[in-house]
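Down below is the structure, laid out as structure tokens.
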Amino acid sequence: MSNDTRFYKQLFRAADYFACKSTTGSDNTSIVQYNKHCWNDSRTFNGLLYAVADVCSISRECISTYRLLDQAANCIDVGDEKVIGYGCNVNVRKHRFQCSSKNSSHCLPVWRLGNGERDCANGFDEYINGSNIPIAEIYCKRSNDSGCQILRQYISKSSLMNTSDSLSTSHNQSTPTAQIPFHHLCNSFWDLSSKIDEFTKYCQQWICSTTDFQCKTGQCISMDHVCDGEMDCSDGSDEQGIFLLIGDNMSKHNRYLTNLSAKINQCHKLYDHQQPFGEFCDFQREFPCLLNNVTDPIDILKNRPCINLTRVGDGVADCYGALDEMNTFEDCRGSMKGFTFRCADMLTIWHCIDNAFLCDVRCKAGDDRPLCFYRSNILNCSAPMDVVCLNGEQCFKGGRCDGSLDCPYGEDEFWCPRVSSNFAKSYYRQEKHTLEVEKTLDFHIPTYPRLQHTFSSANPSQINSNKKFQRHRRIAQMDKIKNESNLLLRESFWCNRGVAIYVNNSIGCLCPPSYYGDRCEYYSDRITVVTHLDISHYRLEDSIDNNTVLKIVTTLLHEHTIIDFHEFRVQPVLEINEPVKQKFHLLYSRSERYLREKQDRQASRNQILYEHPYSIRFEVYEQRANYAIVELGAWEYPIYFDFLPSYRFATILRFPNGYTNISVNSCRKHRCLKNSICRPLFSKTNSYYCSCEQGYYGKHCQFRNEQCHVYCSAQSICKGGYRDQTIEIQRPLCICPRDRFGPRCNLRLNSFCPKGRCQNNGTCLYTYDWTGETHFRCVCQDPFYGAHCEYEKISVKIRINSTEVVRVTTIQFFDINRQTLQLEIRHQEVQSSLPTFIRYQYNEEYAPSLCLLKFYDDVDSSRYFIGYFQPSATAINVTTEPLYCSLAQNYLQQLNISKYMSLKT
């Protein structure tokens with residue numbers, strides 16, 4: 001979390017508190033109130049203390065103990081970060097980092113580790129065990145990465161650490177290493193938090209691409225970035241500092257660059273005359289800036305505002321604000337300083353001020369005054385971009401950073417970026433860094449086997465259709481992004497989390513379920529349900545057809561009255577391989593009756609402990625052909641925390657094993673009263689419930705809703721006892737058949753499978769997409785794919801020509817990431833002995849670039865071979881004699897020896 005974000009968070013919390021405190025007539029009887037003692041005088045249903053702390057002395061908020069000592073202030077007075085007697089909550093301890101076992105004053109969430117801000121006195125939150133291994137450089141992108149596993153162990157064992165631990169790890173300890181692409185070294189951007197990848201003493205040995213410009217520091221940058229007005233080399237030798245490289249000082253590498261002379265001429269145009277302090281400085285040798293370490297930097301007559309160009313980027317701040325060290329000093333985020341100003345008063349929230357806010361936000365100690373000399377309180381010269389010159393006599397309205405030298409010494413253009421993006425509130429050189437990271441590389445490695453020994457047996461039309469499919473997919477993705485961008489309107493935030501619409505030339509709001517109000521400004525009291533239907537025991541083979549669908553109707557019940565509901569469908573054939581997690585809200589009623597009941601229950605401990613009027617029921621229906629609906633059973637769970645404004649309920653819905661067996665059916669020994677049918681309750685062993693018949697409702701199905709005669713469409717099921725929250729009346733709830741939807745099941749769902757739409761024996765399945773965009777989905781048989789199974793996968797065919805005798809062969813197919821040059825596995829398989837023929841089918845535009853074979857002679861002995869290397873090939877059909885990877889083998893042997901020796905010592 002950046003300092004400015006933290007500042008605004010605290011500011012808004014404080015403003016909210018004082019606004020509420022000063023408001024007259026505030027409703028102290030609201031049901032949303034904190035307990036006087038934060039519920040510390042009571043216990044949960046299972047006899048445990050509540051994990052809530054009373055530590056906010058001003059706002060009197062009750063803070064979860066999970067949020068104490070996490071370096072994120074929740075109390076206005078930051079009391080939750082100063083508490084004594086609280087340690088890391090035992091329930092979250094393994095997910096939080098503790099500086100040591102002796103220091104329990106910090107309980108850091110994961111995002112605080114390696115963020116450049118030292119929270120632990122021993123530095124363990126920034127470096128592994130205080131060593132020289134930065135946490136920020138541990139490679140952890142996916143949960144199964146080795147770096148992520150190391151971090152999980154490091155965090156879980158942090159409470160066992162001792163502050164006296166050595167600041168260096170032992171040589172035999174498994175330590176993580178940073179991983180960055182080779183070509184990111186010496187590219188003028190910091191890719192490691194230690195910045196070692198851009199150290200001059202290492203980059204001086206670097207060899208640049210023949211098309212790149214080499215800085216005096218040894219760094220390599222694109223020729224497009226030379227003399228573009230923005231310093232890319234640490235020493236500025238790509239901009240004004242290029243004048244020091246002309247003639248005999250030009251490196252051998254740069255002499256052979258085309259267009260360099262034109263670039264130097266461009267630098268002359270930029271820097272010979274269009275810089276401040278031209279009356280004092282020789283721009284061929286000197287860099288203009290206010291001086292550092294002088295009594296009065298803006299007294300330029302006494303303190304000549306020039307430094308030698310050789311002192312730019314030398315690691316010493318010779319200019320005020322370290323303007324000469326833009327690419328060597330860092331800002332408060334750990335990024336290159338650029339035009340950010342760092343205040344001397346490190347206690348203030350704003351100890352770093354972005355260029356976009358400079359002189360609008362001020363340093364407390366006033367050390368930004370030399371940069372803000374142009375600001376004035378004079379009435380006609382007080383706008384943010386108005387300039388009062390150093391002589392105090394001249395005013396130029398709008399003259400600040402306009403590209404024109406207006407003041408006598410050109411001081412109106414001092415500290416003005418020449419690249420417009422550096423005026424914005426963004427990271428310094430952000431656009432260039434993004435281009436560098438996303439840049440794709442060409443590698444010039446000979447193919448194997450040689451191209452003359454390869455031949456393609458793939459059908460040209462098959463390859464073309466594959467390319468066409470991939471091209472259409474990319475175009476569709478680009479169009480989607482473009483359309484989404486065009487939908488961002490100025491009024492987007494008018495409705496909070498809702499959608500703004502125009503109604504009679506005014507803005508109206510469509511609110512999501514969890515919000516309400518004219519501008520969706522209020523939260524609804526709600527239960528957030530997260531669930532998944534486990535169909536491992538569902539008798540799929542008993543289904544009438546492939547398009548039999550399971551419909552789950554979820555209802556929020558208050559003493560057998562339906563308050564709210566949500567329904568979703570599960571297609572069993574798809575769910576087997578593509579399980580879907582459902583997340584939705586069930587809303588409590590906002591009627592006066594239910595609000596009053598909730599308030600009364602909150603005041604009664606006995607009611608909370610022993611009375612639970614709310615419950616959630618998941619009824620599962622099998623929707624079959626010909627409008628047939630069969631109720632299979634239900635899962636039902638009580639809600640113990642209905643007094644909370646928001647509650648998260650998570651469960652997995654499982655069919656019991658053998659639930660269709662009549663001999664173990666719980667309804668075999670139970671009978672229900674009139675107007676109801678016994679159904680099994682899956683959430684409880686040997687339990688049942690009585691499901692009311694069509695139109696009936698109530699605890700014993702004793703009431704009948706006469707609207708069910710005409711309310712729901714034919715073939716649907718009508719539930720009598722549903723209370724509509726919007727109009728507060730009792731009305732039926734309609735359970736629709738497979739091809740209908742809507743509140744009364746009158747709308748026809750165009751889920752159909754036209755004959756022949758799924759080609760090549762593909763299976764057509766209904767999607768039940770209410771938008772009508774996708775009526776069906778094709779499940780293809782191998783080797784076909786595509787929306788209609790119209791494309792055939794192209795095969796990689798490898799004939800092995802080898803006399804090797806092996807026990808097991810591991811076959812791996814890789815793509816090569818052209819940005820990082822890392823191998824990305826696409827497919828792997830294991831075969832006994834050595835296969836003579838390998839076949840792999842793929843549905844991408846290009847075949848995997850590399851095939852590696854790993855031969856196992858025994859359990860502990862393996863050898864690596866190259867099956868083929870064919871980048872950018874649409875089809876592979878080769879006869880190959882596997883190429884032995886001797887260098888990889890030697891490296892692995894040395895690695896194993898070093899591991900053995902470390903364990904031995």
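A Cβ is built for glycine as well, from the same backbone N, Cα and C atoms used for every other residue.
Between C220 and the candidates C203, C208, C233, TrEMBL records the disulphide bond with C208.
Among the candidates C203, C215, the disulfide partner that TrEMBL records for C233 is C215.
When the Cα atoms are compared, C692 (disulfide bond) and C780 (disulfide bond) turn out to be 41 Å apart. In this structure, the CA atom of C220 (disulfide bond) is 80 Å away from the CA atom of C701 (disulfide bond). Relative to C789 (disulfide bond), the disulfide-bonded residues C208, C215, C233, C701 all have Cα atoms farther than 10 Å away. Looking only at other Cβ atoms within 10 Å, the busiest spot among the disulfide-bonded residues C233, C701 turns out to be C233. Here the CA atom of C208 (disulfide bond) lies 14 Å from the CA atom of C233 (disulfide bond). The Cα atom of C780 (disulfide bond) lies nearest to that of C701, taking the disulfide-bonded residues C208, C215, C701 as the candidates. For the disulfide-bonded residues C215, C780, C789, the largest tally of other C-beta atoms within 10 A is found at C215. You'll find the Cα of C215 (disulfide bond) roughly 10 Å from the Cα of C208 (disulfide bond).
Under a cutoff of 8 A between CB atoms, and with a sequence separation of 6+ in the same chain, the neighbours of C208 (disulfide bond) are Q214, C220, H253.
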